[in-house]
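*Asks:* Take a look at the following structure, please.
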């Protein structure tokens, strides 16, 4: 296959939506191919079931315009630095050949989110080594960025999602089992105004960069701008 433009990894289905659903919708609307890879089935989540979460993930993907979504069924709360996990992620990277890869930001209250970022970073490096898993052709990712799930960290750069906030909210609301208690659910940090908190964060980031809403991202490397700083104005 020719490869994805963007491949976003998350520890659980809904992680990617929380961090960058607006950005994904923005790029799929422009015709770019975007994929999502969830590492676990979130089987330890307080609400919902594995089967329901997978159905919700399919709905959210469709809302964002994502045609490729995978789940590696790694153990929830067991995302440790293991060679077998790195190899599985390398297979995904080499199969789908993304230009850009995203994963959660390392500083997050949930250990699975931080460990997901570390595993993906290791896999990106290994995916470019020719003699590592030689049965698959090597692939070098052009850039690796981190999106935010929990917290209000100061981003290295932002992407304007003002026109796509409604899609982000719709994608999040697809996870009804996670963001509302329902008749048989229990209260968690996700059910107590979490979506509203995410919206407030994107509004804050937007205010800092002069737009209505924006998603913030982190990068360990300097970011090269591909647009005129003056927007073509003279």
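Yeah, the Cβs are placed from backbone N, Cα and C, and that goes for glycine too.
In case it's useful when we look at the structure, here is the feature table from Swiss-Prot:
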- 12, 15, 113: Zn(2+) binding site (BINDING)
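Map these features onto the structure and tell me what's around them.
*Replies:* Sequence-distant neighbours of residue 12 (Zn(2+) binding site) (same chain, 6+ residues apart, CB-CB distance under 8 A): 38, 39, 40, 42, 45, 53, 76, 112.
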*Asks:* Sequence gap of 6 or more, C-beta under 8 Å: which same-chain residues meet both conditions with respect to residue 15 (Zn(2+) binding site)?
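*Replies:* Set apart from residue 15 (Zn(2+) binding site) by at least 6 residues yet with Cβ under 8 Å, we have 38, 104, 113, 116, 149.
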*Asks:* I want the residues beyond 12, 15, 113 whose C-beta is within 8 angstroms of the mean position of the Zn(2+) site's C-beta atoms, in chain order.
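*Replies:* Other same-chain residues with Cβ inside the cutoff are 10, 11, 14, 16, 18, 104, 110, 112, 116, 149.
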*Asks:* Translate the DSSP assignment of residue 113 (Zn(2+) binding site) into the three-state scheme.
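*Replies:* Going by the DSSP assignment, residue 113 (Zn(2+) binding site) falls within a helical segment, counted as helix.
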